[in-house]
Structure formats: C-alpha cells, structure tokens
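Undergrad: Quick one: structure below, then a few questions.
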Amino acid sequence: MTEIMLEIDNVSKIYPGRRGIFGSSPEVHALKNVSLSVRKGESFGLVGESGSGKTTLTRSILHLETPTSGSIRVQGQDLGKLSDAELRRLRSRVQIVFQDPYASLNPRMSVYDIITEPLVIHHETLGLTNRQRSDRAAELLSLVGMGPQHLHRYPHEFSGGQRQRICIARALASGPELLLLDEPTSALDVSVQAQVLNLLCELQDRLGLTYFFISHDLAVVRYLCDRVALINRGELVEQGDCADIFDAPESEYARMLIGAMPEVKVPASAGRGG
Amino acid sequence: MTQPLLSIRDLHLRMSSFDGRAHVLNGINLTVNRGEIWGLVGESGCGKSLTGLSVSRLQPTPPAHYTAGEILLEGHDLLKLSQAEMQRLRGKRIGMIFQDPTTNLNPAFRIGDQLVDVALAAAERDPDVIGCSPNAGRRERRQAARKLAGEMLARVGIPNALARLNDYPHQFSGGMRQRVLIAMALIGRPDLLIADEPTTALDVSVQAQILELIKNSVKDFDMGVVLITHNLGVVAQTCSHVAVMYAGNIVESGPVAAVIGNPVHPYTRALMSAIPTRETRRGELRGLAGSVPNLITPPPGCRFAPRCQFAQPACTAAMPTPVSVGDSHAAACIRVNEMEALVDD
Amino acid sequence: MTTTEPNTADDFATPRRDRLRRAFFRFSQSKLSMLGAAIVAVVIFFTVFGTVLAPYPEHVGGGVDTASRFIPPSAAHPFGTNELGQDVLSLVMAGTTVSVLAGFGVVLIGSVIGTLVGAVAGFARGWVDEVLMRLTDLTLTIPGLILAMAIAAALGSGFGNMVIAIALSWWPGYARLVRGEVLAAREEVYVTAARALGATPKRILFRHILPNVVSPIIVKMSLDMGFAILTVAGLGFIGIGVRPPTPEWGTLLSVSRSYMPDYWWTAMAPGMAMFLAVFGFNLLGDGLRDILDPKARR
C-alpha cells in the first residue's frame, strides 16, 4: 500500500446566504461531500469548469478557507486540528503555483526576494544563513531553467513563461512534498505551456514531488496526470485512472467534457473555397 | 469567382514606442471569401489581433502607423475611409466579437435596448435589416427592430429570448453574454465577422457551443469570418482555412485540412507538436525553445530562423516569400520542399 | 495583446535605471507635466536659497526703511516696496521657505497619520476598521480650516503649531485612500501566495501590501502640496499663522489687503507666488499620476 499524501474526506463548504434590503442571496453549496485521496509521488488531476468548486477546494487544502464539514489530512495530519505553529510548519510542505503568473508575483520585489521569502518565513524549520539562502536561490533558479543573472531583476521584466518558472521556484524553495498546481499553464502560449509542462515532469522525477493539478484543460491533464477526478457544481462526478476515464468515461458529464475538447484533429471534410 | 469579400494586401503596420519603432505587421496577405472561416493563429505578440483590429480600423493611429498595403472590403480600401465612414461600416458590414464578454456590454442598459440600437443604426444603411420601410414611423421601426432582436437572441440559443430582452447584462452568465454579443454582431447582417478570441474566457463545453453557433451563422448569413485564436484545436474544430502568424508575418496558410494535416512550415509543426495529444507520452512534449523576437530589431531574414531547428545560413539572408505547396496551401520557408525529407530523418 | 510581446529580461543591462528612464520618458511626453516639474524645481530652489538670495536681506529680518514706502515696481525693487519700505521681492523670496516647508510638513504628517490609520483599518477589517473609519468620517465633517483655527487657538500661534493644526485636519483623505488601496491589494494573488507560504500578517502588510500602495499616496501628496500651501497661507491671512516679521505669503497678502487697490504691487507678488506654486504642484501631481497609477496606465 502506497503512502497517502493528501486525503480529503467528505468535505463540504457552504457559503451562507445574505438577506438585505436590496434582495437576498441563497446559501451556496460550493463543495458537497467531496472525498478523494492523493498518493505520494503521483500526479492527481482535478478537472472542472468555472464555478465547479475547484478553487474552493484548493483554498481549503491551503487552509485559506475552512470547510463547513469534513476533514482534510496531509500525511495524516488533520488541518482543522493543527495549532498555528504546526500549521505554519505544514505550509512549508504544501505549496502552490497559481494560474496567472502576471498577478502572483509582487511587482515590488526582486526575484531574489521572491524566491528567498519562503526561506525567510520558514527559517526556524529550515535554519539557513543568509549565504546559504543566496546559494539556494541560485540553485532553485537553475532548477527551473533560469540563471543567476536573473536574481536581481523584477517580475515585469520577464515573459509569462519565465514568470511561471519563478513561481515554481518560489513554490519549491521550502522543499515541499505536495505541490498544488492551479491551472499553471492556462495563461501561457502553447509553446511555453509545453516547456512548463516538461519542466513539471522533470521536477517530479527529480524531486519525487506529489502534484495536485487543477485544470479545465483535459488534454493537459491527460498528458501530466496518473489519476483524475472530475468535479461539477461542487460534487465529484467521476474519479479514476486517467487512461480509464479518457477511454471509457462513465458519467454523462465526463463524456460531454471529453467530447467538447478542441483537439487538433484533421477534419474529415476539407474546407471549401480557395 | 468575383471579387473576394476581404482582401488584405501587403499590409505593413509600424508601432512607435519608447523603445523605438516596431514593425508589427510585415506584409500581410489574406483573402477571405463568403462562406469561409479563416482561423488566424499564433502566439501572443505575433500580430493576429492587430490584423483583426486593422480590418475594423479600431487600432488607434498613432501609435500605430500603416506604412504600406491596403485592406479591401469588396474592392473598397478601408484604410482610405474616414473614421465616420468606418463607423457606419462597423456593425453593418463588419461585425466584431471580442474575448471578454463582460466588458463589451454596457451594464446600464437592458440588452434588448442595446440590440435595438444596433439594429436601428444598421437599418439606416440598409432598411431591409429590420424589414421595415425607411418611411415608417419611429415607433414602428423600433418595434420591428425589437422583434428582430428577439429573433436574433433566440437564434443564438438563448432560451426564452423575448422575455430576456428586458434583462441587464449582469443577469447573464459568461457564455450567455458571449451569445448576446454574437447576436449583436450579427443583427446588422454583416458580410464579415471578426471574432477575436471569442471563446478564450469560456469553459470548454460552452466554447464548443459558441463555435458551433459561429459555424452555423456563416451558413445562414453567407458571411466570411476571421477567427483570431491561439488555440489550434479551435481552428481544427471550426475553421475552413487557417493562416499561421509569427512575428508579424503569415508563415503558412491554406485550407485547414491541408495545413493541419500536412504542416510544412517549421513553426506550424512546432506549434502542433507543443500540444499534448492522446499519443504524447509523459515528458515527450516538444516545446519551442526561445521566445518571440523583439520586433524593433527583428532578426535578419526569416524571423523564425533563430528558433528553427532546420535553419541554415541562407535563412538569415532574406525574408522568405510564400511558396505554394499545394492547392492554395502556401508556406513562407525556403526549405519547404525539403521539409518532408528533413522530418523523416 | 495590443503591442508586441514585452521584452524579456535578457534585453536589459541595468533594469532599475532603465525603469527610471522609461518613467521619465512617459512623464516627459506631457508638456504640462514638464512645466509643473520646472515650476516645482524653482519653488524648491527658493525654499532652500530664498532667504540667502534675497536682494535686501535686512528687510527679511524685519528691518524697515520708512523713507522708501510704497515705491512702485522699479529696477531697484522689481515688485515695489510695502508700507514699511521693505522690498516685496525679498519678502516673497524669503517667504517661500516658510510657506513651502509648512505645506510639506502638513502633507508629510497628514499622510503618515492617514496611511497608518487607513492601512490598519483596511488590513484588520471588522470592528477596528469600523471604529477607525467612523473617526475619520467625524474628522471630515469638521471644516478643515475651522478645525485648524480651533487647534491653533488652543495651542497658540507659531510655525510648528500651525503645521500640526492643519495636519490634524488633513489626514482623513489619506486614511480613506489608503484603506481602499489596501482592501484592493489584499485580494491580489501575490498576497494569497504569501499567505499560502505562511507569512505573518505583519510581513504581508509591510512587504506585500504597503509597497504596492505607495504610488497613489505619492501622487496625492504632490497634488495636496498646493492646497496645503494655500491653507497655510489662509491661516496666515486670517492672522493665526506665522506672525510678522517672519515673511510668509499669506501674511504678506493679508497686510497688503489694506492698501488695495492703490498699492496693488504689494499684493501681486505674494499672490503670484502662491498661484505658481499651487499650479506647479498640481501639474506635477497629474504627471506623476499618469506614470505611477497603474489604473491610468496601458
């Protein structure tokens, strides 16, 4: 039996409704009894469209949001039962890369400051000297395919792909075991997406990371992930091995999603005109 | 065949900025006939949106400056028209859809009123649009336009269309708003539709529906469409023809089946191999090293040469001209005829 | 996508200097901004050197020359002399120091207090926000000049007291601005990223939020400089600011009021000085907003 890295057990999240003079809004069930488990070292894909609850789930795993019921365990530790100090220590082991590389880097911080920030925050756990931090920053940059000459530049000087590499370097700085990837390539051009996806594959092989990959792009999930779960309106619709779901989807929703995938297939009938 | 609907000939566009002058469009040639859906694909910064904006003349000048070329809409050069004349063409002859459906609808007005305004404006040029004589009273014309607005909404697949005319944009979901915008673009029965990344902000399932809608509209209205996208999958799904752009040039163009079935330009090949498919095995996705060149000091000769795996010294000598490789399929690469042999190696 | 792909980092040798050059380029595109910057430069020059360069330094110190009262503008006295025979140009030049320094002091103290209040309110939210912002609203309901008068009356007149008095009615604008900016900045993805990293609230506020709200504060400070100078002059005009013989624009104008319109030149120079300073700071502020405010950009 392989070790379980992340276990989501019957998690629900209800945003309370509002009542006011200008109309009221009903309560929103963002997540309904979601259960899934991610094994150590695998890539787990979570696929859903906008409003499906995948963002709420991600935020819950990061403990930026508290589920209404259910529990989230990282390597057996229940997030809801941790003290602040334990939670802080846990944060060094669970990291995230966001979708928009233009918004997720502080424009006033240099690349060096950005990458070393996790090292400064977790200095109690990691215990690095200034010198060691500098070395580590250079090492992280080279790990993501950039060079030490980029250390003292600012985010706006980089292209989208380079920024996403910086985000990955920051996420790796504290030596996490679980990486949440929240649509890390959907803001990038295909050629750059390919580079970043390859980098992610390579990093996983080298560092033995576990990926929790959130996406709406089925082609990317199929490429990167071992197992996949489909989420629709806060409920898990289907989960299983990637190959199984793509070859023989069981649910109507999965079939619809796979059918709607814009694949580069040569159309049977050639276009007219010309 | 008679005059093509849209014919862009040798269009050159320059942009001035702090860093200098960038030659952002560098001799674009594109011909769109009625019934054709042309996909314009490429990475960001390749000039595909600028081409679309040039046709609708929405690119402000300055900073942009057209240095050469013409954009002919059934023989009339759009670049020679005044903004006022152009304003009359937009909506009526040229319809436009943009990426973000939220910012392109006025939140303060009911969508019915917004549609009616567009229809009435179009009717000033062609009374047939609302099927009502130009001498008819204001009220009568408004009613006719409203009826048409309801029909258009129903046609783009909005359930309960007549009732929804009274709704405000915020009462629609993203996909529905894009449908409203398509209805708005189509209500004046344009001859040419320019859709700039119309589905990028939408979910895949909605995207498929919107693309289907565009395809059907082409048949219904006998239009020509320029669909600007970065997604080759969308092109394969929707378009009849495709033009692949790189750094301000069209590098390969032709019928979709020919270009996607048998891409000959190294850039098109690279773009296609960067998309993960069913067969791609983990870690074997082929990215494209490097990045789009700086257009202020573009590389000499073929602009793709610095990133091209097949580049040779001759590539940097001169900008390659399109070479025909089949039925209206052309690619701007000097090694295009060797490509098959090169790829086999 | 409206322009070409942003240049990648490899193109730049010195990023910081390049950024400055870029900003200056954008700033210099507007002639009015450049005019504003030039006026402000002149004003600051006189703030520092006005007293030293004054052609009749003895008048600045309070010396009188009753023999030459009310001389109209001439070569010896370009702006004429006043009722005490003092050279108006000298007084106005020397007055720059007091007026501009007081204005700067007001804006500085006001912005520091306002930024603190606004940042804490926007960051903490909840009841802290509620209490601080109601306090801000309360201060806003009292007309600034009257509050300043009351405070000045309580503390007594004088340079320092005047500055403090005006600053205490000046901070609410900053508090509101900063609170709004902080509320917006705390929703930025990079702030979420910092929270996910486990950063403490203090670190998030000082490293991630405040540095990103500095630009609008600087813009407001430069726009406010003009009004602060006016307010200082206003207090001087009604006689509770700096007392003569220390030259100050408002006081100068106030005294010359009695001699209008016969001896118009006594009022013209301080009036023009005030006009130019306010005008210059406003143009500069507008120009800075164009280059610093991300919402106005692109």
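Just so you know, glycine gets a Cβ as well, placed from its N, Cα and C.
According to TrEMBL, the protein carries these features:
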TRANSMEM  C:32-56  transmembrane segment
DOMAIN    C:96-285  domain 'ABC transmembrane type-1'
TRANSMEM  C:100-124  transmembrane segment
TRANSMEM  C:145-171  transmembrane segment
TRANSMEM  C:225-242  transmembrane segment
TRANSMEM  C:263-284  transmembrane segment
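Are these features on the surface or tucked inside, and what touches them?
TA: Within its own chain, the transmembrane segment (C:32-56) has Cβ neighbours under 8 Å at 63, 86-87, 89-91, 93-97, 100-101, 276-277, 279-288, 290, counting only residues six or more beyond its boundaries.
Beyond its flanks by at least six residues, the transmembrane segment (C:100-124) meets 43-44, 46-47, 132-133, 135-136, 159, 162-164, 166-167, 170-183, 186, 201, 205, 209-210, 213, 217, 220-221, 224-226, 228-229, 231-232, 241-242, 248, 277 of its own chain at Cβ-Cβ distances under 8 Å.
For the transmembrane segment (C:145-171), the residues of the chain that approach it from at least six positions outside its boundaries are 98, 102, 105-107, 109-111, 113-114, 117, 136, 139, 224, 228, 231-232, 234-235, 238, 240-243, 246, judged by C-beta separation under 8 angstroms.
Residues 32-33, 35-40, 42-43, 70, 72-73, 79-80, 82-83, 88-89, 91-92, 95-96, 99-100, 222-223, 225-227, 229-230, 233, 249-250, 252-253, 255-257 of the same chain lie 6 or more positions beyond the ends of the transmembrane segment (C:263-284) yet place their CB under 8 Å from a CB of it.
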